[in-house]
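Marked as coiled coil by TrEMBL: 191-221. Under the heading compositional bias 'Basic and acidic residues', TrEMBL lists 1-10. The annotation compositional bias 'Polar residues' is assigned in TrEMBL to 471-480. The domain 'Ig-like' annotation in TrEMBL covers 44-134, 482-565, 870-960, 1074-1162. The annotation domain 'Fibronectin type-III' is assigned in TrEMBL to 670-766, 769-865, 965-1061. Residues or ranges marked as region 'Disordered' in TrEMBL: 1-20, 401-423, 461-480, 958-992.
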Amino acid sequence: MKVFKSKEEEPTAPGQVSIKKRSRVPGVMITQFVEGIPPGKSHPDFSRKPIALTIQEGKLAVFKAIVTGDPTPTIRWIRSNGDTSDKEKYITVYNQVTGEHQLQMPNVAVDQADTYKCLAENELGFATVTAALNVIETQREHPADFKKTLKTRADRPKNERKDGEVDEKFWELLLSADRKDYERICAEYGVTDFRWMLKKLNEKKREIEEQQAQYIDYLGNLKHIEMKSPACAQFEFEIDLKDPNARIFLYKDGNMIPFSSDTDEKHSLHQIGRRLIFSVNGLTQDDAGLYQVDIEGVNVFSTDFKIPVVDFLVKIQEVKAIEREDAVFECVLSAPFAKITWMGKSTPLVQGKKYGITVSEDMLIHRLLVKDCMKVDTGIYAAVAGIKSCNAWLIVEADNNPNNHGKKAARKTTQAGGSGDDLSKVAAQQQAKLQKAREEKTEMLKQHQAKQAVVPQAYEHEPMTKPPTGPQTKPLAQTSSPGVHFTCGLQDVRAIMGQTAEMVCKLSSTNCNGVWYKDGKESIDDLKIIKDGAFHKLLISNCKEDDNGKYRFEADGHKTEAILIVEDPPKINKDDLTKFSEPVIIKVGQNATFSLSFVGKEPVKIHWYNKAEELFNGTNIKIEKSSSHSSLLLTKCQRKDTGEIKLKLKNEFGTTEAFSSLIVLDKPTHPVGPTEVIEASSSCVEFKWRPPKDDGGSSVTQYNLERQQLGRNTWKKIGNIPGEAHYKDTDVDHGRKYCYRIRAITAEGISDVFETDDIQAGTKAYPGPPSTPKVDSAFKECINLSWAPPTKTGGTSIVGYNLEKRKRGSNLWSQVNPPDEPIRAKKYGVKDVVEGIEYEFRVSAINFSGVGDPSSPTEFVIARDPKMRPNFLDRKLKSFMVVRAGNSARVNITFEASPMANIIWVKDGIPMNKRVTVSNTEGTSQLLIPSAERCDSGIYTITVKNIVGQETFSTEIRVTDDPKPPGPVELEENVPGTLTMSWSPSPDEKQDDRLHYTVAQRDSVKQTWHTVADHLFNNNFTAVNIMPGREYNFRVYAKNDMGLSQASKSPTWGIIRKKESNRIFTLTYTYSAPIFTVPLKAHISPEKYECYMSCAVRGNPSPHITWYHNNISINTNTNYYITNTCGVCSLLILRVGSKDNGEYKVVAENSVGHAECTTKLTVRGML
């Protein structure tokens, strides 16, 4: 390792590049010399960087760093303002085992405070990082008072701890810990003598409080360090300083660490009033340790920060769920962890109705269940374990089930997310690794104890008759012979009095016996000792208080100790508890007694409660207490005393509670108003009221009623009625007012009286106005209205409504419904309206007294249909019609439109002549041609249009008749084996563009007619496969949409073969270029029909034929059927479309030459 001055330049060879990169470790800068790094190699980087130091003058300052890279980098330490060449002040050390580089500065001086740089370099690049060194100058003044005599924690000598002594860190933790944490800390440091610990701790507390009193007025609300997030931990306390300028020091594991008020720094202090909050940011495993705060050298707070060594083997994954479905996040940890923190959208989540948090038995698999997912639950969810965390999205998608549209969907029973068996498999593998590691560690520890636990023989057999002067750890293994040792020592046992306790230890040998001791005495009476192989057990049956103590087992020079603590919490006999739980039922004014016996170690605190409120001795309350019994006497009980009675027993070992109930019976309270009048007519008064708020513990069986007529002093007894809070009085006079007294009757007595308001029989109390009618819909023939009933009914039921209307500009209201037929429902359809007129409406309620005030009128509404875009109703309209000439043609169209639409018919885009009749009615339109002629053929289009929009439909009408036959047929043989026939066109060809021709053939052998060509739109055809020696006849038909014409017959074609004897024929072959004997004909074809093209060509040798459409070869296009038979070339388009429009060309080629023939296909489109 070389040491350079800071002013030296970082070397870069000529031709090297300089690529700046960032490291994963913050603060590290990397410069790469090459553009591409070879496989298996890497530039230098820091896996652990040196950290800033603040240290006292004269102490040892050490910068530590761990460097990676291949080839192995060289390390240089550089100082910003000075050099590091002095070997006495700057010592560089490298640990080959840990790979750690150190720069040590023993007896550091103030002038060494500076910024230091560590540079790692290899042939691929270099990495640099800086760290600051701050040196606190030691005070030179002579100490004149107590404050100056104190030493900071860094100044205090660290004495070597002797065997049997407890680490000073133990006491520092206890001084700042809560009492509930004493047991945990003692178990961690192996201290079992709690009495000695408490005595020693009190001494240290008095000592530290005397020191703190010099600087502190108040210290409290100590909160130990805990992680607030995976990157930050905090601890805090409240303190009042006598001197606000007193210095505060922060230490970690005894080393002073710097801090500032900047919360972005590694260690920071934030002060709010007298509360001090210390933060540790950017957490790593190195941040674990004992943190202590000193005021001018006096310790005021200590807290131990433990960071669990745990990581995520399987991280949580993104979950997609449907609304009302449950979502599951799962993760697997590398080590058992009792509870991790779950975060949802940066908020901690807790177990409850919305979230379910579970942990597997081995504490490796952790699950979060998000119940009943809704859209608002979408977000990022995180799992936090120590300083490690992972997060994933929860995406909640809408439920697209059409059955749930417009209503709340039921919660689903399915779950989204979760890995199931895969996580269990990973956890099982990790558990096996952890178990193996624990076994290996245990075995190494046993071997180490067997070698190291050697104690002098004299002390080995000395009985412990006196309490030890220091803390004891367990097991205490003292060995005289390394061959036998404890593989499992005694453990402290807690047992309930009266139960059985068992103490067990295990030796490494099965052939070794031992002796049991209690509190140093060997004699153990009435205890059962069991030896089971290497296991040695001590059973204490029916534990008593005398069984408390320290038990020791010695075998072959080894011994182990543990404490038995017999607990005696309060206990209650089961039968007594059952009897106590039975409710006590008494009448008002009587006394209630509750008593219960119990057992338990004294002192037992006894508390009695009534409805969760603690009871104390008083005028009507008497409580008796003893060591085994307690009773409660409640005198002159009232109804309000009814409720739960609880007895709570508590001692140092636990708490027991017993529950009973007190029911105090009393007469009911009076019935409750207000009185609701159901009917108050001239013949009856019907009303109801509310039952008593408190029935006194018994149900109401009857009501007693009295009635008084207004103006009289006497009350008429009506008598008792059943226990329903309702009464109908038919003995009334019209116009009189009545008042009623009502009493409730139960088994415990009669309630006080409840008096109703005056109720008048047959009074004309009219109802109030209903709500303003709402216009639900309006049409030209009907307007639909609805309304709400009045809030004031006039004391009687509403029997119906009257609805009135008024035209705009008129002052007269006219009733819509008949006078003697009120409207029962709260809605009505008004049909007596005139289209286009504006109306307003109002409604009045009717009760037994008559018609009430009318409501406010509606806004004016026009009687007309709602605006609607024209729409054709018949979805099966024909877009093509064929009509025989002379017959009538009829097209019916049905539609809906509002307002009334304008209807326009056109033929081929122009207005129609007078021969066509159009009839329009509301919602229908008819086109009629009484006697159709061929000139009426065309495309007829209807347009229905109003102010909202328009709709259009077109149909083609073709008027035709039976076709006339074509002219005479002529035959000609142009190519051997073929016959070319031609004929004059049919007279109808010019009038009917859909007319085509069909050719039938018959020969002298088969004697049957069969079609050889169809859909011919030209006037010639070439028949092939003409055999010599046969006679042929042909028929040509004209064909259109109406059918076939009469046939045009060809002359008979025949060749007679004659034998000629003694004649020699010489065949001579001549070569010729291709020539078209029959050219292509132009075609006009309707859309969606077939189109057939043909031509004849000859040449020797036979030419090769290629078809082209718009100069593109179509020989391989499956949309065309192409044949070439004996020189007759044909092309068939099965379904003509707009894409087939254009020029068609046939090219014939052979070795002598080539020829071309072209034609044009025009496709007539259909609307």
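Cβ from N, Cα, C; glycine included.
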Can you count helix, strand and coil residues in the domain 'Ig-like' (44-134) using DSSP? 3 helix, 55 strand, 33 coil
Going by DSSP assignments with H, G and I as helix and E and B as strand, what are the residue counts for the domain 'Ig-like' (1074-1162)? 3 helix, 56 strand, 30 coil
Can you count helix, strand and coil residues in the domain 'Fibronectin type-III' (965-1061) using DSSP? 0 helix, 44 strand, 53 coil
DSSP residue counts for the domain 'Ig-like' (870-960), split into helix, strand and coil: 3 helix, 55 strand, 33 coil
Mind tallying the domain 'Fibronectin type-III' (670-766) by DSSP state, helix then strand then coil? 0 helix, 50 strand, 47 coil
Mind looking up the mean pLDDT for the coiled coil (191-221) in the predicted model? 79
